[in-house]
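Step one of this worksheet: look at the structure below.
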Amino acid sequence: MADRKANGGGASASSSGTNLLFSSSATEFSFNVPFIPVTQAAASPASLLLPGEDSTDVGEEDSFLGQTSTHTSTPQTFSYFSQVSSSSDPFGNIGQSPLTTSAMSAGQSALPKPPATLAFTTGSQDALSAFPPSVSKAPGATPPSQMGTSTYSPSQPSSLPPNFGSPPQGIPQQGHNPYRHTPVSSRANPYITPPQLQQCQMPGHSSYPPPSGPPVQTYQMPPGPLPPLPTAMQSPAQQQVPARPAGPLVQGPSPFVLQNQYEPVQPHWFYCKEVEYKQLWMPFSVLDSLNLEEIYNSVQPDPESVVLGTDGGRYDVYLYDRMRKSVYWEEEPTEVRRCTWFYKGDTDSRFIPYTEEFSEKLEAEYKKAVSTNQWHRRLEFPSGETIVMHNPKVIVQFQPSSVPDEWGTTQDGQTRPRVVKRGIDDSLDEIPDGEMPQVDHLVFMVHGIGPVCDLRFRSIIECVDDFRVVSLKLLQTHFKKSVDEGKVSRVEFLPVHWHSALGGHATGVDRNIKKITLPSIGRFRHFTNETLLDVLFYNSPTYCQAIVEKVEVEINRLHSLFMSRNPNFKGKVSVAGHSLGSLILFDILSNQRDMCVSKSPGSVAVSNGVIKHSQFQEKLISEESKLMSDESCDLDVEDEEPLTLHGTLEALSLFDYISTFEKEKIDMESLLMCTVDDLKEMGIPLGPRKKIANFVKLKAAKLEQKKAAAEKKAALAALTKGQDESAPKTKEMASPSSESNESKRKLSVGAYVSSVRVDYESFEVGTGQVSVAYSSLDFEPEIFFALGSPIGMLLTIRGVARIDEKYRLPTCKGFFNIYHPLDPVAYRLEPMIAPDLDLKAVLVPHHKGRKRLHLELKESLSRMGSDLKQGFISSLKSAWQTLNEFARAHTSTTQLQEELEKVANQIKEEEEKQVVEAKKKKESPELSKDEDYLGKVGMLNGGRRIDYVLQEKPIESFNEYLFALQSHLCYWGSEDTALLLLKEIYRTMNISPEQPQH
C-alpha cells in the first residue's frame, strides 16, 4: 500500500490536471470532463458477501490506473474452522471489504488507495492504530480469512476510544444506511462525477484545499462506528473540510455514513414447568411479561422484596430470586428467566431459552457483528459450546462433542448442530394475551375420586388450568361484544384438593390393596383402586367426617385468601364438583344454614385455614344438650312409672282377658314380643287383638327412640371430646408408630370418630347415611354445578326414593347436573323429583352453534321415517277413498256410506295432526327448553331443568364401551361444558352470549 500511495502521489504531482485514464494520444478519446474510475462504490449486499472477489476487481482497476503494488499477495485457500486468533477479539481475523476512496481535490490526477483491510478491534488500541495512514504488506502474506476463530472473552470497555459508536467530530450524521439504500453496486456504475463538476454543481459549499497540500484521503466508513482521528494527525485542510452531499449523478452514499442499523432484542419472560416428568419452558402472557420487564427496568428501593403477581394472581414472581411460587395451593417453586436467545435441537419440540448471562454474551457479539457487518464467525465459550454466526438469520450451536472440523463435518455424525434463535416471534400463537385483573365470578372446583383427574394422571390443578384456558377462549368468541364494552372480564376457577385428608398411604390401606391387585392392565387397575377406595372411604364412618371437614376448611381458606388479595371483588361465588366431589358438595350444601346463622358467634371461625373449634363446640353442645335433656326428661318420666301387665290391660280396657294371659305365662316383656298371629292362637278376639297390637307397636317405637337418644348422647360426648383432641390425634393417625400400632390406631380413631356407636340416618330401605357434623361456609353459593355426578345413585342407595318438589338447597339458588351420555358414573336427578314426567335431559348445544354430524344424521333418518309413515297414511287414505267410491257404485245403503266417511275423516284428522306436530318440531329445537317445564321439575334449580346432557362425538357412537372411561374424565377440556357454565354464570348478571365467531 505504501508503494501504491507513493506511485499515486507521484502521478498526482506530475500531472495535476490530467487523468491517466485519458492520457492516450488517440483522437477519438476527447472528453471535456475527465472521469475517474472508483475502486468500490457503496457496498451492495453482493459485494459484502464476496469481499475476495471485490478485492480482485479493485486490484485490476488499480493496475489499469498504474497504481499496482509491487508486492501483490496471491489469495490462498482459507479454512473456516482452523484459523488461529491473533487477538482476544473474536472478529479480529475476519476479512473486510476494501474501503472506497473519493476525490476531495479538483487538482488531483490520481487518488491514493486506502488500506485494503481496516482492522476493527475492541482490544487495547488507540485511534492512531485504528486508522494508519499507510499499511505495507510483507511479500507473500496471505489475506485474512473471511471467517476467523476466536475464543470468547468479554470486551473491555476501557479499551474503547472515548467517542466509539459516534461519527467523527465535525462531520454531520447521514440519515440512511448505505447497505440498504444503495440501489446500484459499484460494478453497475463504477464512475462518479469528478470533483470539478461536483464543485460547479454545489456552489454553496466551501472550496477545496489547494493542490500544494498533502493529498486528502476520505474513506467510506466501514460497517460500524469509526473512532475519530486525533486532531494532531489531521492537516488544517482536513480539519476544515465539511461533509458535502453527493451530486445528482452519484450512485454511492456520502463518504461518511452511519453504522448498520442495530435494533435491541425484545426480551420475554419464561418460567419452567414440569409436565409429565419433563421440564418445559413456558412463556408468560404478554401482559405479565410486560409488567415483569417494567419492574425489571425500574429502580426499586428494596429490590430483594419485589413480588409481582402473575397468571391472574394465582402465582407470585419473586424477581430478585427469579422464582415463581403458587398462591392458593402447594406447589414446588419454579425458575423464572428473562429470555432473549433460544436454541432447539433435533429432539426438542420447542425452543429452549439460554441463561441470562449467556444470552447477554451472545447479544454483545451479535451487536458487534451487525455493527461491523462481519459474519461467518465462530465463537468458542469456556463451557465448550461453539456458536457460528453465518448471518442474522442463520446461527447454529455445536455441542462440545460435535465440534466441526475444517471441512464442516462433525466427529459424531448423528449429532446435528442446534438452531439458535434471537428473540421471539410476535405472532407466536402459544403466548396468551393475558388475564384481566378484574374478576366477575369465582368458582371453586372440587375433584372426584382419586388424586388424579384424567387418564394422563394429572392433578386437579392442571385440569382446572385447562378448563380456565378453555373458558378464556370462549369469552373471546361468544362474549366478544361484552368483553369489548367492558361488561365481561373473566371467571376465576380455583381447585379444591381434599384427597390428602384420607391418609391412605399412612394407614397402609394402599399398600395392602397393592398386594392383592392383579398385575394385568396396571393403569386401569390403579385407576379403579383409587376410585373404589374413595367411594368406600366416603361411606365409612372413619373417614367421612375427615373428608367433609377437609373440603369445608379448604373452600373457606381459598375464599378468605382470594378476598384478601382481591379486596375490590364484588362478584358472586359458585361451586362445581366432579364425580364424588359433587356428592360431597351436595351433602355440605344440603346441611347449610342461612348466612345470618352462619355469621352468628357460634359459627365456625376460620383463620389461615385452621378451624377454631371452641365456639363451634359451645354451640353444638348447648343445642344438642338441650335436645337431649328434653328427651331424657320425657324418658325419665316414663321410667318412673313402669307398666305392668295388669296396668296395661286396664288401660286398654281389656282386663277381662287377664286370665288368658296368665294361663299362657305371659308377662309385660313377653307381651311386647307377641305378634298378631300369637294373639289369634290364644283366642283373643279381633277387636282386643288390634288394640294390643297397636300398643305393642307404639311401645316398641318409644323404646327404640330411647335407645337412639342414648346412643346419640354418647356419640355427641365422644365427638366433642375428639374435637378437643383433633390436632394431636390427627398427627397420630398420619404417622402411627411401630409400637402397639393396633392399639394406638384404635385409640386415635375412637377418639376422633368411631370408637362409639355411629348414628346412621336410616330410611325404610337402603344403607342409610352416616351422621356428620357439618360447618358453615363463609359465603352463599350462587350456583352448584355437578359434573359426571353419582348423586342420584348414592341417594337411592341411602334409601332416598324421591326428592320433594319443594326441596331446594338452603343457601344455593341454582343446581345443574351435567353429564356425558356415555359416563358410567353419572346418573339423572329429575326422575327422582318428577317420576310421572317422562322428560329427556336437556341437550347442551355445541359451542360452535350446531349439532354434531351424527346427531343431525339421526334426525334426518327419523324425519325420513315420519315421511314414510305419512306417505303410507296418504296411500291408505287414497285406497280407502277408492273402496268408498266402489261401494257407492255397487250399493245404495246409506249406513255403509256413513261408516266409510267416518273412517276417511279419522284418517284425515290423523294426517293433519302429524303435519302440525312436524311444524312444531321444525319451529322449536329438538332439545327441551327450560321454560316449557318451568316449575314442573321442582325447586332444586329454581323451577328450571336440572339434567343437561352433552353431545357425544361421532367416534364415540361407534363403540360406547371403549370410550366409557374417557367420557367420565372429559369435562375438564370440554368447550360445551365450559360454555354452559359461562352462560349460566353471566345469566345472573343479565349478560347473554352472542353468536359464536369462528
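Placed from the backbone N, Cα and C atoms, the Cβ positions cover glycine too.
As annotated in Swiss-Prot, phosphoserine applies, among S44, S254, S540, S600, to S600. Residue-level annotations in Swiss-Prot identify, among S582, S748, S755, S875, S748 as phosphoserine. Swiss-Prot marks one residue of S97, S166, S735 as phosphoserine, namely S735. For the domain 'SAM' (640-703), DSSP puts the residue distribution at 47 helix, 0 strand, 17 coil.
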